[in-house]
Structures are given as structure tokens and as C-alpha cells.
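Note sheet for the following structure.
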Amino acid sequence: MEVRAGAPEARQTRLFLHCLYLVGFLDLFGVSMVVPLLSLHIKSLGASPTVAGIVGSSYGVLQLFSSTLVGCWSDVVGRRFSLMVCILCSALGYLILGVSTSVFLVALARVPAGIFKHTHSISRAVLSDLVAEKERPLVLGKFNTASTAGFILGPMVGGYLTELDGGFYLTAFICFFVFILNAGLVWLLPWGEVKLNMTENGWQVGKSHRLVGKTNSEVPEDAHPEPTASGGTAWWLPWMEVLQTLRRLKSLLFSELRDIFLVRLLMSMAAMLYYSNFVLALEERFEVRPKISGYLLGYSSTLGALAGFAMGPLMWWYNDNCHTMLLHSNTLTCLLLVLYSMACTMSIVVFASTLLSFSTSIGRTCITDLQLTMGGGAQASGTLIGIGQSVTAVGQILAPLLSGVAQEVSPCGPPILGAMLASVAIMIMSVNRLHHGGNAPAKSKSE
């Protein structure tokens with residue numbers, strides 16, 4: 001694998017990558033143990049379905065506003081510090097959840113998690129800083145695979161633990177310790193022995209290819225924040241840099257990246273509409289028990305995880321052209337949603353679900369790579385990924401509302417609506433070509 005490091009550092013770089021994959025696995029493993037049980041816990045505390053819905057949606061609303069800010073903040077203050085803060089603050093949220101004996105405490109516990117649960121976004125930014133551009137989709141695909149494996153195992157462990165007396169509280173405490181373990185892993189990573197595309201205190205505008213492990217004498221004077229009159233560094237300088245960075249990116253977001261984020265929103269909503277009523281639709285259409293539907297969802301998630309290993313051959317097949325790969329994966333997703341909606345037998349449903357797990361997983365990796373490529377991700381990868389997460393959060397808020405309306409019409413309503421949204425995304429990519437002028441330039445294999 002080609003990385004931004006010389007031969008002596010290649011071994012440390014590979015170790016760093018594998019440790020980041022483990023960080024992603026532990027993160028989703030811990031979260032997926034608790035989140036599926038959250039609604040049941042809120043209900044057991046005597047909350048009405050409306051209150052439970054409000055508490056559940058508060059996380060998405062907080063993510064909507066915090067994703068971009070935290071991503072930009074990680075660009076300014078550095079990946080290691082921001083990743084540690086996000087993990088520890090998220091751990092605090094699950095610790096509060098472990099002692100929540102009232103709905104108020106549950107809602108309070110979702111606040112630090114909603115604001116700081118951006119471990120995956122910052123980890124993807126680290127990967128973007130670390131690897132060469134043509135290797136980025138492959139590395140992101142492996143990271144998604146490791147994370148999805150955690151999401152597969154987590155619900156199984158959480159479901160077993162919740163059967164015990166006080167099982168939810170035990171599960172929340174275990175999740176807290178998993179986050180603490182993750183923070184220790186991040187602290188022990190060999191940050192000073194790999195080359196990242198930022199300085200020790202974060203990237204500077206117009207600067208790139210700095211060493212994280214540089215000492216003060218090795219970093220140019222203009223790479224340090226201006227000292228205050230008392231000789232220290234003002235606490236507000238990083239946040240001033242965040243605001244300046246967001247202002248600089250404003251024109252970019254409303255020009256080159258406008259279409260890519262719109263495509264991301266439409267395709268994320270299409271996938272959410274498919275999963276939103278999956279269990280209920282199979283029960284109404286084919287009288288399939290929820291247990292069997294759960295097995296099918298687990299099967300699809302497993303295939304989605306394995307799709308990360310297909311990124312290497314696919315990148316070779318498409319000559320490193322992520323734009324064309326994304327267009328084809330979105331087209332396949334749209335056709336499979338239509339096929340699933342029209343399925344008259346369970347065998348067709350299984351076939352459509354199998355291919356959908358691959359197409360949606362490949363699409364997520366490609367859209368992230370295109371964001372970073374078109375937005376100059378070498379300098380602001382945290383900000384760009386954070387904005388992408390905010391866009392996805394908008395979909396998380398809108399998709400349940402649209403799914404409820406479509407469900408009133410037909411059990412097939414949500415996936416049909418998802419196919420319509422996917423077709424709009426395909427039209428945008430086909431007509432505008434995402435500002436590639438009709439032909440996305442392929443990266444040379446010899447790079």
C-alpha cells in the first residue's frame with residue numbers, strides 16, 4: 001500500500017492503520033450494544049411514545065449542528081487531541097446513561113454523545129491525512145468493514161445482556177468501559193512516528209505535509225498560534241481559526257461541492273427509507289416473523305462489511321475513477337429498490353437485499369472519497385467529513401417523517417420513495433457530472 005511515508009516508516013504506518021480499524025470496530029461495537037435497547041429503556045421508565053421519539057431524535061439534531069464544527073475543530077487543534085476529547089465526552093454520555101433512572105437523565109446522557117460522538121468522522125480524516133489519494137477509497141472501505149463488524153456483534157451482545165437483571169444498566173456501563181479502552185488505544189497510537197498532513201497543533205492555512213511528531217524547533221514560526229501579551233496561547237484562537245475556516249469554505253460548499261452533498265443527502269435518505277419499515281413490510285407482505293427479518297438484516301450487514309474488501313479490485317476495474325463507480329452503484333441501488341418494491345416472493349427479496357448491501361456500502365465509500373477529492377481534503381478533511389455527517393443527519397431527521405407518510409399509502413411506499421430519490425441523485429450526477437465537465441478524470445495507476 002502506498003502511503004505518505006518513506007520506507008522506514010512503512011511498518012509503523014501499517015500498524016497505525018490497523019489500530020485505527022480497531023478504533024472504528026470498538027466504537028460501533030459499544031454504541032450498537034446500547035442504542036437498539038434505548039427505546040425499550042425509555043418506555044420502561046414510563047415515557048410515552050411521543051416523549052421517547054423526541055429523546056431519540058435529539059441525538060440527530062445535535063449531530064446536525066455539531067458535525068461540521070467538531071470536524072473543523074479537529075483540523076485546527078489536531079487529530080489526536082480532538083479524537084481523545086470526542087471519545088471521552090461520548091464515554092461520559094454512556095456513563096450517565098448507565099445510571100439513568102429517569103427520562104430526564106436519559107435525555108441528558110444524549111447531549112454529550114450527540115455533540116461529541118464523531119469518532120468515525122475524525123478517524124476518516126486521519127486516514128485521509130495518512131494515505132495517498134489513490135489509496136484512500138481502499139483504506140476507507142477497510143475502515144468501514146471493521147466498523148460494520150462491530151455493529152454486527154454489538155446488538156448480539158447487548159441483546160444477551162439485557163436478558164439479565166438490570167441488563168440495560170450493565171450494557172451501558174460496558175459501553176462506557178469500551179470507550180475508555182478506545183481512548184487508551186488512541187493515546188498509545190504512534191502519532192509521532194507517522195506522517196500526517198497537518199502539524200502537531202493542527203493544519204495551517206496554505207500549509208501541508210507536516211509531521212505530527214515535530215518538535216517546536218522543527219516547526220516553522222508561522223505554524224504556531226500567536227502568543228498573548230502574557231506569553232501564553234489564547235484559548236479562543238483555535239475557535240477563531242474554526243470560524244475563519246468555515247467562512248473560507250462557504251464559497252466552495254455552494255459551488256463545487258453543492259451537488260456532491262445533495263447526492264449524499266438523497267442516497268442516504270433512499271437507504272434509510274429502505275431500512276425504516278423493512279421488518280414491518282415483510283410481515284405485512286409475506287407474513288415473515290420479525291425474528292427471520294432480523295436474521296436477514298444481520299445477513300445484509302455482514303455482506304455490507306465484506307464489501308470493503310471489494311474496493312481494491314473495483315478501483316482497478318474502474319481505473320481509480322470514483323465518480324463513475326458512484327454513478328453505477330447509485331444506479332444499481334435505485335434498480336434494486338424498485339425490484340424489492342415489486343418482489344412477489346421472498347427469494348427476490350433476499351436477492352435484492354444481498355446486492356443492496358454491496359451497492360450502498362460501495363456508494364458510501366465513494367461519496368466520502370469524492371468529497372475529499374473535490375474539496376481539497378488534504379487541508380480540511382475533518383471539516384469536509386463533518387459537513388458530510390451533517391448532511392446525513394438531515395436525512396436521519398427527514399427520512400422517518402417521509403417513511404411514515406409513505407407507509408400510510410402502501411407497505412412498499414418507503415422503498416418506492418427511496419427509489420425516486422435515488423433516481424433524482426442519478427440525474428444530478430448524469431447531467432452536471434459533479435463539475436467534472438462530463439468526464440471524471442481517472443487517477444493514474446502509476447501514481
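Quick reminder: no glycine exception, Cβ is built from N, Cα and C everywhere.
Residues or ranges marked as domain 'Major facilitator superfamily (MFS) profile' by TrEMBL: 16-447.
Residues annotated as transmembrane segment in TrEMBL: 15-38 (among others).
Taken from TrEMBL, the feature transmembrane segment applies to 50-69 (among others).
Per TrEMBL, transmembrane segment is recorded for 81-108 (among others).
According to TrEMBL, the feature transmembrane segment maps to 143-162 (among others). If one looks beyond the transmembrane segment (143-162) by at least 6 residues along the same chain, the residues whose Cβ comes under 8 Å of a Cβ in the stretch are 20-22, 24-34, 36-37, 40, 120, 123-124, 127, 168, 170-171, 174, 298, 301-302, 304-309, 361, 364-365.
Under the heading transmembrane segment, TrEMBL lists 168-189 (among others).
The transmembrane segment annotation in TrEMBL covers 257-276 (among others). If you look at the transmembrane segment (257-276), the same-chain residues 6 or more away from its ends with a CB under 8 A from one of its CBs are 297, 326, 330, 333-334, 337, 340, 356, 360, 363, 367, 370-371, 374-375, 384, 387-388, 391-392, 394-396, 398-400, 402-403, 406, 414-415, 417-419, 421-422, 424-425, 428-429, 432, 434-435.
Taken from TrEMBL, the feature transmembrane segment applies to 296-318 (among others).
Within the chain, the transmembrane segment (330-352) has long-range Cβ neighbours (under 8 A, six or more residues past its boundaries) at 263, 267, 270-271, 274, 282, 286, 288, 296, 359-360, 363, 412, 415-416, 418-419, 422-423, 425-426, 429. Annotation comment: TrEMBL describes 330-352 (among others) as transmembrane segment.
TrEMBL lists 416-435 (among others) with the feature transmembrane segment.
Counting residues 6+ beyond its ends, the transmembrane segment (296-318) has Cβ neighbours under 8 Å at 134, 137-138, 140-146, 148-149, 151-152, 275, 278-279, 282, 324-325, 349-350, 353-354, 356-358, 360-362, 365, 442, 445 in the same chain.
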